[in-house]
Amino acid sequence: MSASFLEIQPSELSFPFELLKQSSCSMQLTNKTDHYVAFKVKTTNPKQYCVRPNIGVVLPGSTCDVTVTMQAQREAPPDMQCKDKFLVQSVAAENGATTQDISAEMFNKVAGKVVEEFKLRVVYVPTTTSSAMPEDSEQGSSARPFAQENGIHNSTMPQPVFRSSAEPTKERPTEPLSMISKLNEENRVAIQQNQKLRHELELLRKESSKSSGGFSLTFLAIVGLLGIIVGYILKKT
């Protein structure tokens, strides 16, 4: 679009639209006059866009490139229609003016002062990547059943057979062990009684030999009794 101060191209801002990604476009401001022109760029949604530079001075016969960056968006608007708009204001500036000389008052509309305004609408252009995103989500969802099937398969690998095979080993007969232990105990007691009787017999023999010099009937009776007891114990063991 052309005007007395600046020629602005393109007539609308087209942004390649892709979810969760920034996108940029540019416009060219061409000064076809013989004097300096100051400009200022505004938007209806300043939080959504970044304009560099948003103010400046275009020298006679020169062009200034303005880059507009749209922030990443989490969802697409209905029918991909955007209601955002941009406004480019331009005024005549003194020769030799720089960006530092630009003030907000320069663009105030007062009597006898010309402030030109050009509106640009925003257009979203779908990209092939954004159109392929549903396919990627389908692939991601199709991988879930495969992971679940693997999980079920792995969970069924341990079999209870390994536990049941060890169970018979726990049921060991206890009666033979108790019998052997009981017999060992009786044998030990019999041996101790045998040793005690032999010791008492030896003491009686020594006392009898000291008193009479021979064996008495009492001694012989005791010896016989001990012999019977010892024989009974040895037979039992």
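Note: Cβ is positioned from N, Cα and C throughout, glycine not excepted.
Annotated features, as they stand in TrEMBL:
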DOMAIN    5-125  domain 'MSP'
REGION    130-175  region 'Disordered'
COILED    180-207  coiled coil
TRANSMEM  214-234  transmembrane segment
For the domain 'MSP' (5-125), mean pLDDT (0 to 100): 96
Tally of residues which DSSP labels helix, strand or coil - the domain 'MSP' (5-125): 10 helix, 59 strand, 52 coil
